[in-house]
Amino acid sequence: LGRMKPVIVVHGGAGRIFKEREEGSRAGVVRAALRGYGILKQRGSALDAVEEAVRSMEDDPHFNAGCGSVLNEKGEVEMDAIIMDGKNLDSGAVSAVKCVANPIKLARLVMEKTKHMLLTDRGAHLFAQAMGIPETSGEKLITERSRERWKKNLEPDSNPEEFQKDLGTVGAVAIDSEGNVACATSTGGLSNKLIGRVGDTACIGSGGYADNNSGATSTTGHGESIMKVVLARLILYHMEQGMSPEMAADAALDYMKTRVGGLGGVIVVNNSGEWAARFSTKQMSWATVKDDQLHYGIYAGEKHTKPVDEALASESGGF
């Protein structure tokens, strides 16, 4: 038992990360990767690891998920999330949920406690109540920054598209010591989106996909474009054809760009533990841990490496 070396990869969203938010984004993905890896090191499941990593980023106001989510046209937070188990292709998702601190936890419950895969809006809310998940006031999830951006986008000469480049969906993929893979993705969606808009995140095969036969992936970027090419499943298809995670990710992102003009980013792990973090946007915050080495970056070609022990030591003292 324990043939596989566990690996976790996380992303904090593809797009444009403003200078003053870089440090926070970097620290946030590193913290999430270390938390997920901690679970894997203790022989925990890939499923638990990706859920914990995503929960950590939902609780971090730097990211567009959970607390810190962007606001819809009416100034409310509506969130989407998905989780998937590569062992049996079980998945759970929620869309357009309000007043829940951790949509990824709710998605996991949908997977494990219902016969369904996706619950939306009011139904998801009722299910959360039935599961005893405490209600968080919508106000608690709204940051000053999200509200300011929402106001800016309401101005007659504003261009919400411009701001939507700074997306910040969060996600994680992992393989555990048993060789099981899993993925998780969570988002607040697009700023000033129509009420009830659901993007790629909650859609299986678009926002994420996990299959022990090939691997797992989580995506971020322009949701409508991702849905058009079913990006997550497309990457796994390329890996099934024999491509490495990096080649598969680049091929799929390239196709999305040429075919529908969409930009995004992906994290991938295959069933032998090779990983990739690739993006066609200017930036994507990402971090991974493998063989007790932490790697992380934001810009294309940027990759910092440090031993996990050292990272954990500085984790308590910040970066």
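Using N, Cα and C of the backbone, Cβ positions are placed for all residues, glycine too.
For Thr169 (active site, nucleophile), applying a Cβ distance below 8 Å and a minimum sequence separation of six or more within one chain yields His11, Gly13, Ala14, Phe63, Asn64, Ala65, Thr185, Ser186, Thr187, Thr201, Gly207, Thr219, Thr220, Gly221. Taken from TrEMBL, the feature active site, nucleophile applies to Thr169.
Around the Cβ of Arg197 (substrate binding site), the number of neighbouring Cβ atoms within 10 Å comes to 17. As annotated by TrEMBL, substrate binding site applies to Arg197, Val198, Gly199, Asp200, Thr220, Gly221, His222, Gly223.
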Farthest-apart CA atoms of Arg197, Val198, Gly199, Asp200, Thr220, Gly221, His222, Gly223, residues recorded for substrate, distance in Å:
16
Give me the long-range Cβ neighbours of Gly223 (substrate binding site): same chain, 6+ apart, Cβ under 8 Å, in sequence order.
Gly189, Leu190, Gly199, Asp200, Thr201, Ser206, Gly207
